[in-house]
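Here's what Swiss-Prot has on this protein:
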- 17, 180, 181, 222, 223, 224, 225, 226, 227, 228: ATP binding site (BINDING)
- 57, 144, 160: substrate binding site (BINDING)
């Protein structure tokens, strides 16, 4: 018997966040097939009347690929330079892939001082609503080329998992679908323990869950499970919902929206 998440059936405005691990192959090359499939699925959803926003990571990972560098540099300025180079190439790829399906896209680069300041936050919200009204799929990334995270001037979100949640809050999205390198939230690391069990639903971010989530992301990205729980907490505080699922099976986005029990569904009990 196929179980259904009935709350999801009524969603209209969707934010999809894709992580670096879903865009960059383990060998550092760009995962072109995943980007193409993402463009197809999101274009199809847009054609069916859904409002879709894409939050993407990957600028630094793509920058590494463009320059043929294997190891992510530690220096902030070097990382910012890579992000600047990679963002141009990343948007070029997205534009090409979405064009195959006659879908127009736009780019927004955000920093925390935009979303934290009321006037600029309202301007960003108005721009996004206008784009959605035109049938455009906005593609959002953090402006890594200028974002810093220092005591006296914090403009960095920390990771794009949090950015996905903040964008969802900004546009009052019905659902955030977070594409990662794992099928969902497990009770233990599934790459180590064969008996690891996936959580079908999570209704509260507890200290126990936070302790269970550990480790950073891949060598190309920064997002680990801890950041995903932090993103879910932001949504919980705003009465919003999220599904965490595997970015290697992008076509399952359609099934998620149809209410199929895929990944881990983060929502508060009604």
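Placed from the backbone N, Cα and C atoms, the Cβ positions cover glycine too.
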Specify the secondary structure state of residue 57 (substrate binding site) as given by DSSP, simplified to three classes.
coil
How many Å separate the two farthest-apart Cα atoms among the substrate-binding residues 57, 144, 160?
10
Other than its own, how many Cβ atoms are within 10 Å of the Cβ belonging to residue 225 (ATP binding site)?
22
Least surrounded among the binding-site residues, given as 57, 160, 227, when other CB atoms within 10 Å are counted:
227
For residue 181 (ATP binding site), the three-state class that DSSP assigns:
coil
